[in-house]
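Enquirer: One structure, as C-alpha cells, below. Some questions next.
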C-alpha cells in the first residue's frame, strides 16, 4: 500500500475539481485556456487539503523511527521494537516513502504561486479584453497589469537594495525565499481570518434556518424581487448595447476596413438580434469617408467588451430566474403537502427535465413526503448542532493554540492522544475532518460573496471567465496559510510548538519563519484571535445591517424594506405560476384535441388539398373572368375553417399582456411576457 493512498487521492481530487468546475463554468462556450488554468488552480488547492493528513501520519511515523534509532533497538518485520520499553512503531497503511513528499509539495506550492501571482492576473485581463486579435488582447493585458506587476517589482527591488547596502544583513538565497513565502502567507492569512470568521457562524446558521420552511420561502420571495430588478436592468442594458451595435453595423458597410471587427461583434450578439440586424442591413451601399464619420477601432474594442459583458449578464439572469422559479414552486409544494392526509408528495408542476428511472423507482411520492415534511427538518437541525460544535472548537483552538504547556488546543490534544498509541487511522481522520471543515468555511465564503457584478460565482454554468480566474487566484492564496494554520492548531508546526522534532514535509518547504521573528512570534500567533470578533459581528449580522444602511437590500426579518420586497416577490411568483398553469392547460387541450380529432383532421386536410386543386384548375381556365362575391366569400369561409382546424388550441385572454403605460407600448421593444391574442377565437372552442 506504499504510495497507493497518494495515487488514489490524486485521482479523486482531480475528478472533484472537474465536477465543481463543470457546475460553475461552461466547457462549450468558454476558452480552453481559461478552463485549464482554473481547473489547475482548483485542483492544486484541493490536493493540498486532501494530502496534508497523509503527510502528518508519515511524519509521526518518522519521528517514532528517529526515537527508536537513538536508543538500542531491534527490527522485526514492518515495525521497530525498542529493547527496554518494548514500544512498537507500526508503519501506517498510507505511508509515503521518504523523498516523495518534499518534491511533491515543492512542485504543488510553486506552481500554485506562479498561477496566482503571474499567470491568472494576466489571463483575467486577457479574458476581459475586447480586442479582435490575440496580439491586441495580449497588449491590453500587459498594459492593465503593468501597475500590478510594477508595484511588486518596486517593493522587491527596494528591499534588495536595502539588504545590499546594510552590512548588518547577510541574507542568503534560502532566507530571501523564506521572506517571499512569509509575505505571501501573511497576505493570505489576513484574508483567511476574515472569511473564516464569517463561515464559522454562517454555515451552521444557514443549516439551522434550512429546517424552517417559512424562512426559506420568505427568503426565496425576497431573492425573486431582487433578481427581477437585476433581470430588468440586464435586459435594458442589452437593448441599449444592441442599439449601439445596430448603428455601428449600419454605418460601416461591407467594404469598410473595420467591417471584420463589426462582424466579430455581431457573432457575439444573441440570435434574435442578429436576425433583426441582418434584415435592416443595406450592404449594397459603398462607404464614403468624406460624408460620414465612422467609429474608430478603439471604440469598437470598447463596444466589443460591452457586448460580451451584457450578453453574459443577460443570459445569467435568465437562467437564474428559471432556477429560482422552480425553487419557489417546490417550497410552496412542500408547505402545501405538510398537511396532506395521504402522505404522498404532490407536485403542482411536473419536472421539465427527464427523471432518472432508478431514482424515480426508489424515491417514490411517499418517500419524498416523509423526507421533505418530516425527516429533512430534523436532519438539518442535527447537522447544524454538529457544525456549531465544530465552530466552537475551532474558535477556542484559534485563541489557545500558542499554549504548549499546558496544551489547550483541542485539536492538538486529539492528535497527541492518538500519537501515543500510533493509531494512524484516527490521526488521519481527525486531521482530515479538521482541515476539511476549515476549508468548507473558507471556500464556501468564496463561493458566496459577490462584489457587485465584478466577481460572482453563479452555478449552472453561468460564471464568466473573469470570475473563474479570480476564484482560482483566491484559492491559491488562501490554501497555504490555511494549511499552516491547521498545522499550528495541531502543534505539528515546530514554530508554534517550540519543539525540536522532525517537521512535516510541508513545513520544511515553507522554510523557517525565524528569519522574520516579528511575523513568526507576533502576527501568526495573535492575529488569528480576531476570529472571535468576526464571529460575534457575523452572529449579530453587523455586516448585513451596514450594507442595508448603505442602500444594498439584504434579507433582514425586522426591516420594512425586506417586507416590501417579500410581498413583491410573492406577487411575481404568483404571476409566473398562473402563466405556467395556462401553458400546461393549453398543452393538455392541444393533446386532447389531437387524440380525439386527429384522424378527422387528416381527412379534412386531404379534402382541403383536393378542393384547392379544383379551385386552382378552375381559376386557370377562367383567368380572364371576374369572380363573383359569393365565390370569394365561400373561399374565405373554407380558408377560415381550415385555419381553425389546424390551430385547435383555444387561446385564453392574457391580462398580463396588457400594458397600461402608453409610452412602453409605443417603444417598439419586444415584451417577452406578452402575446397577441384574438378575441374572436377565444370563445369558439369553449365547449370542447
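Every residue number used here counts from 1 along the chain in the order it is shown.
Every residue gets a Cβ built from N, Cα and C, even glycine.
Unlike curated records, TrEMBL annotations are generated automatically.
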Enquirer: Which range is it, out of 79-102, 103-126, 223-246, that shows up in TrEMBL as transmembrane segment?
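Expert: My reading of TrEMBL: the transmembrane segment range is 103-126.
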Enquirer: Labelled transmembrane segment by TrEMBL, one stretch among 523-542, 543-562, 563-582, 583-602. Can you tell me which?
Expert: 523-542
Enquirer: Looking at 146-165, 266-285, which one is transmembrane segment according to TrEMBL?
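Expert: Checked against TrEMBL: transmembrane segment maps to 146-165.
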Enquirer: Match it up for me: which of 340-358, 359-377, 378-396, 397-415 does TrEMBL list as transmembrane segment?
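Expert: Based on what TrEMBL states, transmembrane segment spans 378-396.
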Enquirer: Let me spell it out: take the transmembrane segment (6-21), skip the flanking residues so only those 6+ beyond its ends count, and list any with a Cβ under 8 Å from a Cβ in it.
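Expert: Sequence-distant neighbours of the transmembrane segment (6-21): 35, 38-39, 42-43, 46-47, 50-51, 54, 94, 96, 100, 104, 468.
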